[in-house]
Amino acid sequence: MALSSALVKKVMLSYTYVAIWILLSFSVIVYNKYILDRKLYDWPFPISLTMIHMAFCSSLAYLLINVFKVVEPVSMSREFYFKSVVPIGALYSLSLWFSNSAYIYLSVSFIQMLKALMPVAVYSIGILFNKETFRSNVMANMVSITAGVAIAAYGEARFDLSGVLLQLGAVGFEATRLVLIQILLTSAGIKLNPITSLYYVAPCCLVFLSIPWAIMEFPILRQTSSFHLDFFIFGTNSVCAFALNLAVFLLVGKTSALTMNVAGVVKDWLLIAFSWSVIKDTVTPINLFGYGIAFLGVGYYNHAKLQALKASETATQAKPSQQADEETGKLLDEKDEERNQSPTK
C-alpha cells in the first residue's frame, strides 16, 4: 500500500529535526573541545566559557519570551522559584562546569563513552528519591552498562583520573538535576521547554558560576591577554549553544524525548568516529568493545522505556472507553428497570 504524502512529509520532517539536532550537538561538543584544549585554541577556562554561554542564552531567551513573544512565560511565585528552580540551576551550573572542564583532560571519544553512564545515574538517584522502583532486571542492565564503560576506561590510551572524575561528577549532577525536575517541577504541574528553561535557569547558573570564577579563573585572566575575547569565536560558539536548545525544543515538540535519546546514541558513535578520524584521538579495540557492551545496555534501556510508554498510553486510552461502556451499561439497566416498573398497555 502506497504511503500518503502527508505521512511521507511527517517522516521527512522528523528525520530533518533529528539531523539538525545531531549536527548542532556535534558542533557544540567539538567547538567546546577546540576552545578548551591546550593543543588547539588553548583557552582552558571552562567556567568562563560556560558563563559566556549562560549570559548569551539568558539574553536571547528574554528577547524571545518578552519581546518577540515566541513562547509564553510560566507563571510561578518568587517563593516557588527560589525553592524549586534555584536548586535545579545550581546543579545545572555544576554539571556544565564539570563537563566542560573534562574536555581539557580527555578525548571527545572517551567522554562520549563515559556519558553512557547517564541512565545508570538517573535510575540509581531515582531510587534514592523514591521516583523509581528497584527491579532486579533493570539493575542487571545498569550493571552491564557500568561494566562496559569500565572496560572502555581500562582500554583508554589517554586515561586521566582528573578528567574521569570531572566527567563522572558532571553525569551525577546532571542525573540529580533531571530527577529534581520531576520532583520539584513536574509534580507541581510546571513544564519548562528549553527556551523557558534558559529564561529561568540560565541567570541562576550565571550567579552560581560567578563564585568559583572569581576565585579560580578571574585572577589568571586578569594577568593575561586571555581576558580579551575573540568575539567571532565565542560569538559563534554561543550561537551554536543556543541553537542547540532550540533544536531540542523542536525535536522533542515534534517527535518525542525517546527519539532524542535514540538520536543521541547515533550522535555518540559519529563523535567517536570523528574523534578518531579527524582529531586523531586514539581509539583502541578495548575502548570499542567496552562501549559496545554499554551501547547494547543503553539500547535495551531505551527499548524498555518505549514499551512502558506504549503500555501506559494503551491503558490511558482504554480508561475512557471502559468508563463509557460502564455508563452505557448503567443506562441500559435503568431503562430495563423503567420498563419493568411501567404498566403494560
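Cβ atoms are placed via backbone N, Cα and C, with glycine included.
The transmembrane segment feature in TrEMBL is assigned to 12-31, 43-68, 80-98, 104-126, 138-155, 161-185, 197-216, 231-251, 258-279, 285-302. For 16-302, the entry in TrEMBL reads domain 'Sugar phosphate transporter'. Positions annotated as region 'Disordered' by TrEMBL: 313-345. According to TrEMBL, the compositional bias 'Polar residues' annotation covers 313-323. What TrEMBL lists as compositional bias 'Basic and acidic residues' is 327-345.
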Taking the transmembrane segment (231-251) as the reference, which of 12-31, 80-98, 104-126 gives the largest number of Cβ pairs under 8 angstroms?
12-31
The domain 'Sugar phosphate transporter' (16-302) [mean pLDDT, rounded to integer]:
91
